[in-house]
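Below is one structure, written out as structure tokens; comments come after it.
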Amino acid sequence: MADRNSIGENAAALIGNTPMVYINKLTKGLPGTVAVKIEYMNPAGSVKDRIGAAMLAAAEKDGTVIPGVTTLIEPTSGNTGIALAFVAAAKGYRCIVTMPASMSGERRTLLKAYGSEVVLTDPAKGMKGAIDMANQLKENIPGSIILAQFDNPNNPLVHYQTTGPEIWRQTKGTVDAVVFGVGTGGTITGVGRYLQEQNPGVRVFAVEPEESAILSGRPAGPHKIQGIGAGFAPAVLDTKIYEDVIRIHSDEAIVMAQRLSYEEGLLGGISSGANVAAALQLAARPEMAGKLIVTCLPSCGERYMTSPLYTDIRESAMALAVESLEANLKKLCLHNYDIME
């Protein structure tokens, strides 16, 4: 993983060793303590940088892919596609991403900025629609491959090899519980396995959207928490690794993501809000008194400026206009003071 004290071989060498920080204001008065791993500080901006690089490296090692020859195709809610696009650009691969049209405009723009081609699918079909489209494209494009994040064992493996050890080292082995949103299930599976090998007492909790709580035995449905709640149980997810599932409504995740930015200075995306909301629920339990709960901020809020996360803020920002000093001072509640020209 990334060595921040030397020059990287290429951009992919900068992945990992992301920082951790305590949540302070939002946990005030709660029995437990919460810390977050800031995964949006990976070079392409999300936790998925880890699996994008790992899956491609494994395919290169076994000769499945060749730079400049193989076309990479990947169905994604956005972040894995961006991670693959970033690694593909660094290593010289053509990359095609299929994703539901409901994903944010920033994701489409980022994918194209990295040189990838984007194919949108019916949002009503969720991730299954994107997966079906990717499979159809693979059948028709010679020399193409799907790295298949939902099925690829290198997905949880890289979290077992990197994210888990980083959390253990950064917490000096004092982590008591981890809680992660389930998209592919790679993070919770890999991190959970590693930490429970170090300390079988570490508790693991999953997070899913209230509106699409399939891990809780409910039907799949539309929701706004991009990156989790794929609508099915992925093959790489170890459902025995977690003891319970915490359901977070999209609206709660959005509010928490907003609070994270203006109360903690952490600009996370909607799934970051879901993770922290779940972690705070755990921290509020009496049995969590004095315990350290760890979660992650999977991606940055800048990736969601056109999403429901920032609708009100975006509209307010776009409505700003050039005004006089007096008008600005009145807006800033300084109308009782003399105006100095």
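Even glycines carry a Cβ here, placed using N, Cα and C.
Here the Cβ of K48 (N6-(pyridoxal phosphate)lysine) has 30 other Cβ atoms within 10 Å, regardless of which shown protein chain they belong to. Sequence annotations record features per position, and here Swiss-Prot assigns N6-(pyridoxal phosphate)lysine to K48.
Annotation note: N79 (pyridoxal 5'-phosphate binding site) sits in a helical segment as assigned by DSSP. What Swiss-Prot records for N79, G183, T184, G185, G186, T187, S271 is pyridoxal 5'-phosphate binding site.
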Distant-in-sequence Cβ neighbours of G186 (pyridoxal 5'-phosphate binding site), under 8 Å, six or more positions away:
I51, Q149, N155, P156, V158, H159, V236, L237
Would you list the other residues of this chain near pyridoxal 5'-phosphate - those whose C-beta lies within 8 angstroms of the C-beta centroid of N79, G183, T184, G185, G186, T187, S271 - in sequence order?
V47, K48, T80, Q149, F180, G181, V182, I188, G227, I228, P298
Roughly how many Å lie between the Cα atoms of K48 (N6-(pyridoxal phosphate)lysine) and N79 (pyridoxal 5'-phosphate binding site), rounded to a whole value?
6
Restricting to the same chain and to sequence separations of six or more, state which residues have a Cβ under 8 Å from that of G183 (pyridoxal 5'-phosphate binding site).
S77, G227, I228, G229, A230, P234, S271
